[in-house]
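Participant: Below is a structure I'd like to ask you about.
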Amino acid sequence: MSTLAPLRLLREPSNASEGNQSNATVGAGGGWCQGLDIPNELFLALGLVSLVENLLVVAAILKNRNLHSPTYYFICCLAVSDMLVSISNLAEMLFMLLLEHGVLVMRPSIVRHMDSVIDMLICSSVVSSLSFLGVIAVDRYITIFYALRYHSIMTLQRAVVTMASVWLASTVSSTVLITYYRSNTILLCLIGFFLFMLVLMLVLYIHMFALARHHLHSISSQQTPPTAHRGGSLKGAVTLTILLGVFFICWAPFFFHLILIVTCPTNPFCTCYFSYFNLFLILIICNSVIDPLIYAFRSQELRRTLREVVTCSW
């Protein structure tokens, strides 16, 4: 699969020569370093599934007035971000296939311009998706620990400012990334951003998980423990664990790839790891598929609205 220009560079670091990479690959273990041959059809299928899922989430939230709250607005923005990840990847793949098969004929300058536009869209959607994952984590934290003050803390005005700030920052950062993607400083900023989001979510979710365990301990110490509350606490604790686990599994391999590019671009192990680059992209797209299942489809109100949207019961 053809990937965006900065990611093509990440697949083969500029400070590692062809000879060094080839020798390193051979010395590191032959077949294992050949990577995975992932068909374009898989990228296309996952992109379409993600697009449909997130489009349904956006339509459901817009349709149901009961879902017009900061929490669901953040979920809607996450769905839009994930949808843009799918659309931009699908657009780039189709664009490159049309060029390769001679169906689309364009001047090189126009091709470079289109490539830059698609690249910026992909980078912006990835950064905004990561950002809204963090925003949702903060929103849930406020909901649990400051439940009585939630509506005064997370007002609609503050939610709008937060969403606008994320989209603006994502657009600016993606523009800088496309312009200076050969700089290790840019890669370090991306790595730092991912680590910040990971630590933020980890701290918030561990604190919320600890609260759930505390509630379970308090309930179990009573003579007549209410089963419904215990089940709710357990479900909440399991959900938080799934959220953090999926986030780490889907994003960590790609950002570990960036770390290796900065630290050991010619090391045999690193060059072998680079050969699995398409797999890391698949995981990122899978995250766009899984996000709606975790953040949206677990809501009973949203599931009901989704059924109405699918069956056209307007």
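Every residue gets a Cβ built from N, Cα and C, even glycine.
According to TrEMBL, the record shows the following:
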type     : residues : note
TRANSMEM : 42-62    : transmembrane segment
DOMAIN   : 53-295   : domain 'G-protein coupled receptors family 1 profile'
TRANSMEM : 74-97    : transmembrane segment
TRANSMEM : 117-138  : transmembrane segment
TRANSMEM : 159-179  : transmembrane segment
TRANSMEM : 185-206  : transmembrane segment
TRANSMEM : 237-261  : transmembrane segment
TRANSMEM : 273-297  : transmembrane segment
Participant: Using a cut-off of under 8 Å between C-beta atoms, tell me which stretch among 42-62, 74-97, 185-206, 237-261 contacts the transmembrane segment (273-297) the most.
Facilitator: 237-261
Participant: Using a cut-off of under 8 Å between C-beta atoms, tell me which stretch among 42-62, 74-97, 117-138, 185-206, 237-261 contacts the transmembrane segment (159-179) the most.
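Facilitator: Between the stretches 42-62, 74-97, 117-138, 185-206, 237-261, 117-138 has the largest tally.
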Participant: Pairs of Cβ atoms less than 8 Å apart decide it: which stretch in 42-62, 117-138, 185-206 has the most with the transmembrane segment (74-97)?
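Facilitator: Looking at each of 42-62, 117-138, 185-206 in turn, the most contacts to the transmembrane segment (74-97) are made by 42-62.
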